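Participant: Not my notes, these are from TrEMBL:
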- B:48-253: domain 'ABC transmembrane type-1' (DOMAIN)
- B:321-516: domain 'ABC transmembrane type-1' (DOMAIN)
- B:12-30: transmembrane segment (TRANSMEM)
- B:50-74: transmembrane segment (TRANSMEM)
- B:86-108: transmembrane segment (TRANSMEM)
- B:128-151: transmembrane segment (TRANSMEM)
- B:191-210: transmembrane segment (TRANSMEM)
- B:235-257: transmembrane segment (TRANSMEM)
- B:282-309: transmembrane segment (TRANSMEM)
- B:321-343: transmembrane segment (TRANSMEM)
- B:364-385: transmembrane segment (TRANSMEM)
- B:397-415: transmembrane segment (TRANSMEM)
- B:453-475: transmembrane segment (TRANSMEM)
- B:495-513: transmembrane segment (TRANSMEM)
Amino acid sequence: MLVIDKCRLTWPDFRAEYSLTVEAGTLCAVIGPSGGGKTTLLHMIAGFEKPESGALSFAGQNLLRLEPAERPVAIVFQDHNLFPHLTAAQNVALGIRPSLRLRDVEERLVVDMLEAVGLKGFGSRKPGEMSGGQRQRVALARALISKRPLILLDEPFSSLDPGLRRSMIQLVDELRRKRPVTIVMTIHTPEDVAGLAEQMTFVADGKVLASGVPADILNGPLASRIADSISET
Amino acid sequence: MRYKPPHPGSLVALGIVALVAGSFIALVQFDGGRPTLLSIGPYLTQILAFSVIQTALSSLLSLVLGIGLALALARRRFPGRGMVLAALNTTMVMPTIVAVFAVFAVYGRSGWLISALDATGWKGSFSIFGYPGILIAHVFLNAPFVARIILDALNLVPAEQWRLATAFGFTPSQTFRHLDWPAIRSELPGLAGLIFLLCFKSFAIVLALGGGPSRATLEVAIYEALKVDLDFGRAAWLALIQLAICLSMAAGLNWAFKRPPADHTNRPPIRRPDSSSRRLKIVDAVVLAVGTLFIAPLAVSVLTGLRFIPRILDMDLFQAAATSFLIAAAAATIACALALALGGAVRRQRQVLRSPRTAAFYDFLPNILLAVPPFALTAGLFLMVRRFVEPATAGLALLPLINGLAALPFAYRYLAPRLMTAEERYGRVAASLGVTGVMKLKIMDWPLLKRPFGAAFALAMALSFGDFGIIALFGGPELRTLPYLLYEYLGSYRLDDAGAVGLFVVFFAFLLAHTSDRFSHAGDR
């Protein structure tokens, strides 16, 4: 279980305080207006932003004591996930060994993982030779191969067209069912995760304003505000 | 059928080709095409060997120090870092003749270093002439340029990739391999080519610090053939050889600079994962110390001219300053006008006439000017017009033209992309409304062009203002610019006065370059 308890971060022009609980093995979709603090929430969990106070734990382990590389967390961004000078296979391999010195069994794992995300035979291609959707599949493969139990997806598919975006999220859902992971994913529209996400969280003004079953959140007291934030994005 | 006049840019392209070709023909034909290439063979071999060795060493040292400084500055935040960056910017626009003065002031016979060594009882001898002086001056001018370009490239590494590096726990060597090196490698071919070209064509530094006829670049050899020996045929052959070598380099540069534009990142970079490495802290401290010890005294030596400014405030200085400004303004006008015309022609060929080959040729023309020896161009043009005008008058007319042509590649790089953008955005709307000619320039192009135009104009002025090239041919009591005045003071060992003039030149060149920078970074309104 991921537990965030009153984690506070302050900048000259923005203040955030998060409290949130996500059950292990669930897909939690984070929704909210631009600039509301969704990405900051994910960066804090990943360790890129350090809260001044509060508690943050996953599976009972205090994450605040750990450096980003030591946390049981893998992250996929909207852009720039891949190193352009490395092939797709090497980019995935970074998730196992940053030195890229793989054993045979690990090389096989990379091939299998690429196949699992629908990129069989793409291992020797460089990011510049792939489409946006294929690049995000590679990033996803790397997040999954790292065997870290908590995966953060920071609007990973927002630059893709709606059809491709939906199919990518379905791919994420299929993959998580094969291997239990907890996923926290920021999204633009609830339709993207309809029927897939077990939990939905509304973040605005640097706070978690609501969190629960998607239907309850979308039809609850914040429904009009959520609708506004969707039309705004 | 109605006659359609050619595009002004096509006339400019034709004019550039005609000027270059005409100058060479005038030079070669001046004394019946003699001497032959064979007769200057041994001399040519000697100066080519010297040129290649000094260029290779200068480029290598500049790249090593520049890249080291860039990495150290990228990894470290310390008080005064902003000042170091400002100093790098200043050195980038420092005119070569001022760099020559700085080398004399620090490493010359009565310079700071020798004086300090003498005070310790040192009895050895050290001559600044030849390789030492040339290498010091070239590295002083080019290493900060390399550092600045590489630092900018490192800053363009997306913030997401720094976060990934942190999340993966990259070691310092992995950080270098996956983040720093790809950024450096993308700049290296173009940067190395440009530095090689600048050092290979070096004139003022090699003329003043070479120390003998055997230590000359082709540019200096052309100058000596024209000014000292009046051997126009030899100058033409030397110029053709330089043209061939530099054109190959310019073609390489043209190819190397064709890379995709840098992506934007969504947040400023976070703390680098390798900044806490103890070993790298030591390496960076050593690199920064070496860089400071090497660059700072040379830069500071220019500032010492401040004391002697009251001594040089005479009519000569004011006239030289006024001449410099006039020539620089005229050169900038020529450079920007030609760049606009040429950019317009490229745009028309590419987007309206769908003729990418002609567009590519026009696009490459400014780079050819980087390769053409300005002395050969000037001498050829001078031979063509000498029957009609006095040498000093010819000099006054040719200086802005040649300086303008020399600044054209830089002005073109500022203006041409904006012309293309304007066409892509509004070309169809303008065509559908029937907006053409001056109205098109005013309504469609100018709003996007005015800031890059300001940047290009100021930069062209800065380049011309500090130039000590063609003025070496025509300079004298009747025609004197500030860099020429500085050269005269250096020649008569008036180092203090030279320092004061140098400070003037640097101040105005920096002011103009800073203005250019402000324009180029300002948003369109």
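Heads up, the Cβ atoms here are built off N, Cα and C, so glycines get one too.
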Participant: When only pairs 6 or more apart in sequence are counted, do the transmembrane segment (B:282-309) and the transmembrane segment (B:453-475) reach 3 or more Cβ pairs under 8 Å?
Facilitator: no
Participant: Establish whether the number of Cβ pairs under 8 Å between the transmembrane segment (B:364-385) and the transmembrane segment (B:12-30) reaches at least three, counting only pairs separated by 6 or more residues.
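Facilitator: Output yes: the transmembrane segment (B:364-385) sits against the transmembrane segment (B:12-30).
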Participant: Is it true that the transmembrane segment (B:453-475) and the transmembrane segment (B:191-210) have 3 or more Cβ pairs under 8 Å, skipping pairs fewer than 6 apart in sequence?
Facilitator: yes
Participant: Within this structure, do the transmembrane segment (B:495-513) and the transmembrane segment (B:191-210) have 3 or more Cβ pairs under 8 angstroms, counting pairs 6 or more apart in sequence?
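Facilitator: Counting Cβ pairs under 8 Å, fewer than 3, so no.
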